[in-house]
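*Asks:* Relevant sequence annotations retrieved from TrEMBL are reproduced here:
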type	residues	note
COMPBIAS	1-13	compositional bias 'Basic residues'
COMPBIAS	16-26	compositional bias 'Low complexity'
REGION	1-32	region 'Disordered'
REPEAT	105-138	repeat 'TPR'
Amino acid sequence: MGNRFSWRRKKKVKVEAPAPTDVPAEPEVPPPEVVLPEDDGSSFWSSAFGFKSGEAKAAIPPLDVSNVRRGNPNEVSTDELHDVLQVSLELEQRLLAQDACENKAHVHFNLGLTYMALARRTNACEQFRCAVVEDPTYGRAYTHLAHTLLQDGAPSAATLEAVVNYLELAIVHDNTEVRENQILLAEVHHLQGDFANALRVYSTIDRIDDEWQNTLHRAACHWASREFAESMALLTTLASCAYTTGDVPNKRVVLADVHGLLLRPSIVAAS
């Protein structure tokens, strides 16, 4: 019985494993460890994480702006004036060319803009007029012509009449500044003493009371036309909404005058 399962326990013959014939090469030497310099807290991220964790870090050093040229963004630099002058000369050459150009009105308008940048208002107005002669529907030329003529400190009656004509044409042909041109047209009528036409233009403008200056100008037109009730109603409206919108210094002075007209001395003193 003891040898009953002996066939299951046959001993396996030990076979020697073959010796390796290929000797592995030496392992590659790992690259040297990069040791970063000790952080002194001056970098952006270290300072940011320092602020987040509440640690006191040194402030980031300010940028060196000693070689940076500071300029007024509202002024044209000498280099820019030189570029504008070169553009104006090129446009003049295009106008003098025999074959002219495909859109002469546009060239006249651009030349007028360059003259404006060079403070040559008379030449600019002349080019804007040439643009509307070439294309009577050139609305932007009408707008610039009217605004440029008004830059004169004391425009004559003839100039104001010309401005009125140009603004009326600009309102028809220039859809980019319709509201601005309408308000300007009403103000020019006011300068001319044509208060009826000024009020008529104001009545065609949507949301005319969004700007408090328009309400004041309308009240002045009614007052000059001896329509005192309408003028006082507008002044009362202006005084009631005086502090519901942003306050600016010139508005406070005007409102003090309004309150004075409405016989409110206590409010005038507070203003």
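Backbone N, Cα and C define each Cβ position, glycine as well.
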*Asks:* For the repeat 'TPR' (105-138), DSSP counts of helix, strand and coil?
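*Replies:* Each residue of the repeat 'TPR' (105-138) counted once, the result is 27 helix, 0 strand, 7 coil.
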*Asks:* Could you tell me the mean pLDDT over the repeat 'TPR' (105-138), as a whole number?
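*Replies:* Averaged over the repeat 'TPR' (105-138), per-residue pLDDT gives 88.
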